[in-house]
Amino acid sequence: MATNLRKTHPMMKIINNLVIDLPSPSNISAWWNFGSLLATCLALQIITGIFLAMHYSPDISMAFSSIAHITRDVQYGWLIRNMHANGASLFFMCIYLHIGRGIYYGSYLYKETWNTGIILLLLVMATAFVGYVLPWGQMSFWGATVITNLLSAIPYIGNTLVQWIWGGFSVDNATLTRFFTFHFLLPFAITGLTAVHLLFLHETGSNNPTGLNSNTDKIPFHPYFSYKDLLGLILMLTFLLTLTLFSPYLLGDPDNFTPANPLSTPPHIKPEWYFLFAYAILRSIPNKLGGVLALLFSILILFLMPTLHTSKQRTASFRPLTQILFWSLVADLLVLTWIGGQPVEDPFIIIGQVASTFYFLILLLLMPAAGMIENKMLNLK
């Protein structure tokens with residue numbers, strides 16, 4: 001009998017166990033598609049990014065012009081650039097939906113997978129931030145100045161640290177060069193950590209919408225979920241191409257069409273839409289250090305999710321109180337995103353403060369309390 005190369009070859013055996021013969025729960029829904037979509041986003045960003053790096057000049061006198069050159073003169077440069085910029089937005093849409101799925105269905109109880117996932121989120125956020133500085137427009141420059149300047153709130157070493165990151169006394173050529181270096185380097189670190197993330201996931205297997213052990217009811221990944229993922233992939237790429245070809249600058253900031261000018265501050269400094277919720281939390285605290293800590297904790301709070309899980313049931317599928325709180329959290333994050341893009345004036349200040357308080361209240365207090373109440377109601381000791 002001929003041996004199956006797919007199952008015996010050292011290299012193909014790994015791929016086989018990863019995407020072909022992988023035992024998967026039979027009832028996982030479309031919410032489980034986002035892992036493969038994120039991998040696709042990452043591949044797309046690396047490919048388009050490498051082509052952009054071929055034509056980009058990381059120098060303050062040429063950066064803005066080189067972006068204009070890519071858009072105007074390079075073959076399909078406009079497409080590559082717009083796919084890269086909007087691909088980042090799509091990356092964050094997928095990552096937030098992926099995390100939301102994890103919170104709703106209790107996937108965070110796979111602690112190693114969850115923790116590597118949060119580190120991946122932090123790396124993706126860092127990559128997006130340094131990448132936003134590269135076009136050297138007004139919002140790039142002032143965004144970099146404001147966000148890096150937050151580190152000066154750290155007692156004793158703050159100012160030294162900021163100057164060390166800047167490579168001088170202000171955001172300048174040295175800053176742009178190092179940000180380009182990190183923007184090129186980090187996606188490869190993300191790729192490596194993604195492999196670790198998958199390694200930990202495949203130690204336990206996927207969770208499912210019921211939260212019950214699915215070992216008695218597994219099906220092979222291929223053809224069932226490979227085709228299901230392919231459908232999600234086609235829908236995602238259709239959305240990306242529609243956005244890129246019809247409204248490429250919809251999610252960008254008009255200020256970035258103006259070259260960076262250290263002598264002129266834009267009226268409203270704000271980051272890209274995917275950071276607005278964290279920016280709103282930062283601004284809602286009148287104290288600089290307090291704001292920075294709130295900003296940090298708004299992401300790092302995710303590390304506490306397994307500890308804060310009090311329910312005897314894993315998912316929120318059969319827990320109405322937790323469902324109400326989860327969707328309240330989603331609504332709260334949408335409010336924070338809206339507030340982050342508004343000027344610092346009434347009534348936006350108080351709305352931001354209330355929404356920020358609710359964000360931490362839901363995650364730290366109300367969700368654990370709801371879990372305990374539901375246990376009591378169901379007589380689960």
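In case you wondered, yes, glycine gets a Cβ from its N, Cα and C as well.
According to Swiss-Prot:
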TRANSMEM  34-54  transmembrane segment
TRANSMEM  78-99  transmembrane segment
BINDING   His84, His183  heme b b562 binding site
BINDING   His98, His197  heme b b566 binding site
TRANSMEM  114-134  transmembrane segment
TRANSMEM  179-199  transmembrane segment
BINDING   His202  ubiquinone binding site
TRANSMEM  227-247  transmembrane segment
TRANSMEM  289-309  transmembrane segment
TRANSMEM  321-341  transmembrane segment
TRANSMEM  348-368  transmembrane segment
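Note on proximity: among His98, His197, His202, the binding-site residues of the record, the Cα nearest His183 (heme b b562 binding site) is that of His197.
The transmembrane segment (348-368) makes contact with the transmembrane segment (289-309): 3 or more of their CB pairs lie within 8 A, with pairs spaced 6 or more apart in sequence. Taking every recorded stretch in 34-54, 78-99, 114-134, 227-247, 321-341 and counting its Cβ pairs under 8 Å to the transmembrane segment (289-309), the highest total belongs to 114-134. Using the rule of three or more Cβ pairs under 8 Å, pairs at least 6 apart in sequence, the transmembrane segment (78-99) is not in contact with the transmembrane segment (321-341). If you draw a 10 Å sphere around the CB of His202 (ubiquinone binding site), it holds 14 other CB atoms from the protein chains shown.
Recorded residues His202 (ubiquinone binding site) and His84 (heme b b562 binding site) have their alpha carbons 30 Å apart, per Cα-Cα distance. Each residue contributes its Cα atom, and for His197 (heme b b566 binding site) and His84 (heme b b562 binding site) those atoms are 24 Å apart. A sphere of 10 angstroms centred on the C-beta of His183 (heme b b562 binding site) encloses 22 other C-beta atoms.
Residues within less than 8 Å, Cβ to Cβ, of His84 (heme b b562 binding site) and separated from it by at least 6 positions along the same chain comprise Gln45, Thr48, Gly49, Leu52.
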